[in-house]
Amino acid sequence: MDLKELFDLNLCLRCTGRIFAAVDTGLTNEERGARLYFAYKSIYGERDVPESCYLCNGVFKKFDEFFNILMSKLNNYEFNSILVGSTFDENIIEMEKDIQSRFGSKGESIKKEFNREFGKYLSKRLGKPFSKDADLTIEVDALYENVNIIVKPVYIYGVYIKKSRDISQTRWIHKTGESIESIIGNELRSMTGCENYYLHGSGREDVDVMMLGNGREFVIEAAMPKRRYIDLYELQLRVNASGILFIYNLSYSSKATVRRIKSELHEKLYIAEVTGDLNKDIKKACSKFNNLIIEQRTPLRVINHRSDLVRRKKINYINIISIMNGRALLKICAEAGTYIKELVNGDNGRTVPSLSSVYGSQLQVSSLDVVKIYRDD
């Protein structure tokens, strides 16, 4: 190593020591730089070493300033752990890489050191531990000397039962009216002070379909919550007071739970009220669907916002519960993702076969309920 070339870079001791962070472990970069300077001085004599330099611009001496900016933005956010990230001028990053390559590329980046050292500083001042899965992430912009915060969302798992034919699962962008998402989310916002909320459902039912039986799994996400720990039973009581939506089995969860409920596919049991010119032949038509594979092209009613694909779905059975006055009550068990209304009406030939085509007369679903989702509870 050419010590003269090294100190001719005119870096501060911290930035000098960081060039060799992987060589002499057990020391801080500043201590490592001081040792290198001692070696230089013993050969070449005294020289001025800048306290700050063009590489770090004194950023490691600005922790108190960054802390004050952070405190002005915390606004009573509740958190138990922290993580620090940072951004530096790309020119600084490239300059550092170039310098380190000249001396064997055995150092660490300024970002890595800053995140570590400012993280230790914050952990001590805030009394909160460091975590890779932190409640609060602090992002420092070293170039513009600013601090931003990212609050980890709160995820709450539950199961809902919907006893209404007038509410959608999620909010519509350009429409008003209640939804499962808004009924739960507005109460969640009131209790957590979150900026927004998002419902993640394990599948969905149409607006006019009731979700009964053992209910549908969901996760409600509170974005940028001020309060992380709330009484989940109180949330349940508030939502259930609506009289049309009932939630239960609430527990804190995570993004992994969202992925799980989104990926799992479960057979479902439906009760459908069907109208048409009904006679005794409907029983024979229903029997044709025992363990039958049908083909469904994306229904016309949803074609504007879903891909036009043909999907093969298994129908386990269609059983008749009762027939009276031109109405039949059917019990239908089918694979996840089956369009039940189209299974009955045929959707102008886009579902083949349909109950209407097998029966030989047009049938329509006048009401539909999901009464069971076959999952491992």
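Each residue, glycine too, has its Cβ placed from N, Cα and C.
Now, the feature entries from Swiss-Prot:
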ACT_SITE  Asp206  active site, nucleophile
BINDING   Tyr270, Tyr339  substrate binding site
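For Tyr270 (substrate binding site), other Cβ atoms within 10 Å of its Cβ number 23.
Of the listed recorded positions, namely Asp206, Tyr339, the sparsest CB environment within 10 A is found at Asp206. Looking at Tyr339 (substrate binding site) and Asp206 (active site, nucleophile), their Cα atoms lie 10 Å from each other. Each residue contributes its Cα atom, and for Tyr270 (substrate binding site) and the residue listed as 'active site, nucleophile' those atoms are 13 Å apart.
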